[in-house]
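Annotated in Swiss-Prot:
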- His56, His58, His201, Asp290: Zn(2+) binding site (BINDING)
- Glu85, His174, Glu204, Asp290: substrate binding site (BINDING)
Amino acid sequence: MILIKNAKILTPKGIVEGNLKVEGKKISEIGGKAVKSDVVIDGSRKAVIPGFFNTHTHAAMTLFRSYADDMQLHEWLEKKIWPLEAKLDDKAVYWGTKLACVEMLKSGTVFFNDMYFFPEAIARAAEECGIRACVSAAFFDFFNPDLLELNLKNAVKSLREIEKYDVLRAIGPHAVYTVSLDGLRRAAEIAEEMDIFMHFHLAETEKEVLDFKKQHGKLIVQALDEIGFLSKRLIAAHSVWLEDAEIEILAKKGVSVAHCPASNMKLCVGKAIRYEAMKRAGVNFTLATDGAASNNNLDMLEEMKFAALLQKFHHSNPTLLKAEEVFEAATLNGAKAFGIKSGVIKEGYEADIVLVDLAKPYMQPEHSLIANLVYAASSGCVDTVIVKGEVVVEGGVFRSEEEELKIIEKANEVAKRLTGSA
């Protein structure tokens with residue numbers, strides 16, 4: 001049992017000052033008396049908040065952080081990223097993912113939804129680090145029927161291999177410009193048969209949308225709906241260049257959208273996601289960082305601020321995407337997307353908890369905790385992180401300094417090998 005004493009607890013009904021008790025993997029009591037516990041955490045001058053759910057990542061791309069920046073998207077991919085990715089192996093992905101897990105946990109993220117190569121290495125790294133994850137078996141067919149059969153077979157094989165790990169699973173058909181409509185239809189059938197999620201890039205750029213419409217004579221979401229691709233299993237990353245009719249379809253089918261504001265701005269996708277239209281339609285709107293090669297960090301505190309400011313600036317309206325809304329997108333909505341009873345501090349919910357240090361200068365004065373978290377905070381305020389009832393970060397340190405330093409060292413060795421600078 002874990003007892004957090006004398007904290008400011010952010011609940012759905014407001015801030016409760018007092019104690020919080022964790023039994024097993026659940027929050028068992030809020031505001032009760034202090035009792036003898038296995039672990040006692042002093043919550044003085046700290047706030048208890050729900051952990052963040054990062055709903056679209058390529059975790060091992062931490063290895064490419066700041067390797068290639070300030071470039072056009074296609075040039076960036078073709079000249080810098082893809083040549084390095086061709087050299088990846090399971091060891092590289094394992095250490096790159098571990099580095100990402102440490103970074104995410106230390107900035108308050110308790111869950112990430114990943115799409116990358118070598119899913120077994122990703123699942124193993126996540127489980128060892130004690131973070132929640134949904135691991136995708138990425139799938140491409142490049143419009144080649146033979147490649148479709150081969151790569152689908154390999155994806156299913158990978159999904160079966162990671163079943164032994166304590167992670168959720170997804171099939172990850174990459175995008176409409178790398179996977180045929182038949183491949184997308186087959187991926188949806190596999191997700192249904194295996195009772196797993198789907199992870200997909202949708203309408204990230206105008207070029208993607210225009211090329212698809214020229215080829216198929218219809219909007220992407222309409223075509224996806226016709227082949228049975230859309231459901232509550234689907235997490236659609238980006239979803240920037242969508243029309244009203246498409247947004248309505250996504251809402252009707254229960255699709256969750258993963259908004260990646262920092263990556264969208266850095267890679268210049270051309271406009272801001274249509275948050276207000278999604279809100280009106282009832283789309284489950286979540287938040288994500290994308291990969292560290294295009295962000296360049298995995299800090300959800302920073303991502304909340306980017307999301308809110310992008311809407312305000314793009315639409316010249318300071319009232320859009322309020323602090324409370326973006327905080328919910330980063331926590332509760334992400335948990336909802338994956339059917340996890342988490343994302344809020346509430347009795348009976350999963351103990352995915354972050355303690356933030358209110359003594360930091362940028363967390364004062366305390367007019368509004370949520371506004372401070374969204375507009376003022378940095379990852380430096382994260383003191384303690386609990387995932388599934390287990391303490392994984394304490395005093396701002398991931399488990400032990402020795403383990404953290406080893407992960408950083410190994411990831412650097414791999415990065416140097418990949419770039420030829422070893």
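Positions of Cβ are set from backbone N, Cα and C atoms, glycine also.
Locations of recorded Swiss-Prot features on the structure.
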{"residue": "His56", "record": "Zn(2+) binding site", "DSSP class": "strand"}
{"residue": "Glu85", "record": "substrate binding site", "DSSP class": "helix"}
{"residue": "His174", "record": "substrate binding site", "DSSP class": "coil"}
{"residue": "His201", "record": "Zn(2+) binding site", "DSSP class": "strand"}
{"residue": "Asp290", "record": "Zn(2+) binding site", "DSSP class": "coil"}
Problem set entry | Distant-in-sequence Cβ neighbours of Asp290 (Zn(2+) binding site), under 8 Å, six or more positions away | His56, Thr57, His58, Ala237, Cys260, Ala262, Ser263
Problem set entry | Residue among the binding-site residues Glu85, Glu204 whose Cβ has the most other Cβ atoms within 10 Å | Glu204
Seminar exercise, completed: Whole-Å Cα distance, Glu85 (substrate binding site) to His201 (Zn(2+) binding site), is 18
Exercise. Ranking the binding-site residues His56, His58, His174, His201 by other Cβ atoms within 10 Å, which is at the bottom?
Worked result: His174
For this session: List the Cα distance (Å, whole number) between His201 (Zn(2+) binding site) and His174 (substrate binding site).
Result: 6
